[in-house]
Structures are given as structure tokens and as C-alpha cells.
Amino acid sequence: MYISHLSLTDFRSYAQADFELGPGTTVFVGSNGVGKTNIAEAIGYLASLSSHRVSTDAPLIRFGAERALVRARVARGGQATAVELEITAGKANRARINRANPVRARDILGIVRTVLFAPEDLALVKGDPANRRRFLDDLMVALRPHHAATRGDYERVLKQRNALLKSARSGRYTAAHESTLEVWDQHLAQAGARLLRGRLDVLELLSAHLGTEYAGLTDGSKAATARYRCTVVEELDDDGGTAALPATALPPSAIPSASQDRDRQDPAGGTREAGAVRAPGLEGAGIGDLERMFLEALAAHRKKETERGITLVGPHRDELDLFLGPAPAKGYASHGETWSLALALRLASYRVLGEDDPREGAGPILILDDVFAELDADRRSRLAAVVAGAEQVIVTAAVAADVPSELGGRVLRVTPGHVSP
Ligand SMILES: Nc1ncnc2c1ncn2[C@@H]1O[C@H](COP(=O)(O)OP(=O)(O)OP(=O)(O)O)[C@@H](O)[C@H]1O
Ligand SMILES: [Mg+2]
């Protein structure tokens, strides 16, 4: 798909900006601070209803304005859709599709699909687990917009259960607390099982691509793999976290047999991409299984949770461990490896979304914010080759010469508040 026209009103540094875009590559060039990332952010926001830079909406609205408007014409296959999103700080955002009556913002999810890669994504590798959970959940929602509710339900139940645990801790833990807690356990396990199942689906889809994308960006000497560490099935340490246990310390069910391991080796001795992302202890678990496991885990941690006044098990405490070769990426990977791995995660999601709707002209929009300046010549051209197949690529760069010439495309100049050909 591609955006053929974008209009920003009171969005970030733009009072009003209107410009045409085409399929293929568009490079936004301008000095630091002129508003290039603001454009990338606006397009990303249309797709995900969240910013890759801030967690609240207020900074998205131009200083002194009350609301921001992002409008886009989207071409998907032969079909054109007009989407309009009104962002009001502290209030529910509203949207319109094809100039019809306003709808909930959530209703536009799925119209625009983007994969955005930005320097902030280094946190996918180096940052705390919340970054990686969000990565999985965002992809889950991009694939199946109804999962926005799955995530919302879980967060709401969790908040209420935590409030109860906290009050039980500050007061005395009574029989009344216990029976109310049991009700919340049911709700949490139900919502949590759906969220976990959604994440597991995403992990399975990513598994086919993570290794290949990382190998494509590098010389292929290290295999990129990932392991989902689920608090519902793993031992918690004294701090309520799961230890990054070596595979041999996992429960027997989680250890792949030697023959499975052999299956993973391709004849060249490398790691085949299938199986690059594992979720020990959860393979093949259906929603009913997950719910039961969740309830068992809550029962097992009842004492600890009431002492600490917080929910210690559940998808909100899970981690996605990333590895390059045998070593964890976090704490071990070099700066360049960290970049490549973060980029490989985004490119893998780009592949997943592309496979989800393989129709001609339906692929996601790829947004690369300030990426090329950070890569060496070899990685630049590898990335250019990957990107060449995308329906629409939005690139931002402070220096036009950093963008590989083989990408071609149109250049738009950005000056404060303005975009011009
Ligand atoms: N809500 C807002 N209202 C007005 N101006 C804003 C708002 N939010 C950000 N800005 C301005 O937008 C500019 C930053 O824009 P942006 O991050 O897009 O720059 P950039 O072109 O990507 O720069 P760089 O090359 O350094 O990444 C800053 O000057 C900032 O003051
Ligand atoms: Mg920028």
C-alpha cells in the first residue's frame, strides 16, 4: 500500500503542511530539528495510534494548539481510502473514514500498515523488557486490530488486581480479600491467556524471518535467535523475575530433543530460520491450556504476591531474550550488531505483515528514520536491496548523500514547518 497524499494540521512543528507522495521511495532531507521525524511519526501514528517517541499525545499537538489533525489518502491495490485522525490531548481521539461520520480512533487500525525503524529502536535490544513486549504486542495489533481490545482488557484487569493486592498488603489480608482475589484471578487468567496466545502467534510468524533478516544484513557469521521467557511457566527468582536460565536448566518439556536440534541445522551448518524464535513450555498451548497454567501460577505465587502487593506472573512480566550466536544480545552485542539486530526485528515484522496480506499492492509501508547515517557502506547497500521490494518507503536523512543512490526515488526538502519538492 502507499500513502498518496498527507496533510498535517497543528501536528508537532507543522501548522499546516500538505504534500503528495508516490509509491516507491521518498526521501525527506533537511537539517537537524527541521521536522523530518515528525512526518515519520505522523504516518506511524495513523497505523498504530501510538508514537514511537512519546507515550502521551500532548507533545504531538503543536504548542498552543488544541488538537492536531493527520489526514492521508491511502492506496491499497486499486482501492483508495481517505483517513482522518483528530488528536486531542487527554481526550479520546476521533477518526473519519472516507469523510463519513466520526468513529472511534481504534476503528481505523488496519487501514494503514507501517513498519517504522528509528534510532529509538536500539532499545529493542538494549532497553528493558517492556520495549520487547511492546514490539510483540504492536505487531499483534497491526496484524489483528481486534487485539487492541485484548491488550486493553488485560491492562485494565491487571490494574484492578494490583490495586486489590496493594490494599490487601496495607490492610490485613482477610478472607474477603482472598475471595475477591479469586474472582480477579479468573479475569486475569482469561485476558492473559488471550494476550499470551496472540503473542505466541506473532512469535511463530517472526520465527521464519528473524534469522534470515539478520543474516541478510550482516556477513551471516552469527545466528540471531530469540526465546520467549514466560513468567507463567518459569521459576521466579526472589525479585519476582525469571532468571535467564541456560537451556539445560529448563523443564524437560522445554528442551528440544537432539533430533529436533539436528532438524534445525541446515546442511551448511548454519541455523535454519524455522525455530529461530522459541517459547519453551508454551509450544502448542491453546487458550484453555494457557488459562489453566496461568491460574496454577497465580495460586503458586499467592503468598509472594500478597507480600509484595503486586502481580508477579503474567505477560506483563515476560521477556523476549535475544541472542547472537550463543550469547545474549543485551550486554554483549556491539553497537553495529545491536543496530542490525533491531533492524532485523523490524524487517522481520515487515515480512510478517507482507505475508499476512500478499495481494498485489497491499504490503506495508516501510519507514526508515535516520537509519542510513548509522550504517557502514556494506550494510547500507544490503538494506537498500531489502527495501527495494517495498511498495512505499519513507526515508529521512539529514544528509542526502547518506542514502544509497540505488534506492532512487523522490527527494522532498524539509525546512521548519514546510515540505517542498
Ligand atoms: N508539539 C510541538 N509543537 C511545536 N514544535 C514541536 C513540537 N514537538 C516538536 N517540535 C519541534 O519539532 C522539531 C523536531 O522535529 P523532528 O524531530 O522531526 O526533527 P528532525 O528533522 O527529525 O531532526 P533530526 O535530524 O535531528 O532528527 C524541534 O524543533 C521541536 O522543537
Ligand atoms: Mg529525526
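Any Cβ shown, glycine's included, is placed from N, Cα and C.
According to TrEMBL, the domain 'AAA+ ATPase' annotation covers 22-418.
Annotation comment: TrEMBL describes G30, S31, N32, G33, V34, G35, K36, T37 as ATP binding site. Under the DSSP three-state reduction, N32 (ATP binding site) is assigned to coil, being neither helix nor strand. There are 7 other Cβ atoms within 10 Å of the Cβ belonging to N32 (ATP binding site).
Feature annotation from TrEMBL assigns region 'Disordered' to 241-283.
Under the heading compositional bias 'Low complexity', TrEMBL lists 242-259.
Each of T396, A398, V414, P416 belongs to the same chain as G30, S31, N32, G33, V34, G35, K36, T37, is absent from that list, and has a C-beta within 8 angstroms of the C-beta centroid marking the ATP site. In the three-state DSSP reading, T37 (ATP binding site) counts as helix.
Taking a Cβ cut-off of under 6 Å from any atom of ligand 2, none of the binding-site residues G30, S31, N32, G33, V34, G35 qualifies. Least crowded of the binding-site residues (G30, G33, G35), judged by neighbouring Cβ atoms within 10 Å of its own Cβ: G33.
Each of the binding-site residues S31, T37 was scored by the other Cβ atoms within 10 Å of its Cβ; the lowest score goes to S31. Among the binding-site residues S31, N32, G35, K36, the ones whose Cβ sits under 6 Å from an atom of ligand 1 are, in sequence order, N32, G35, K36.
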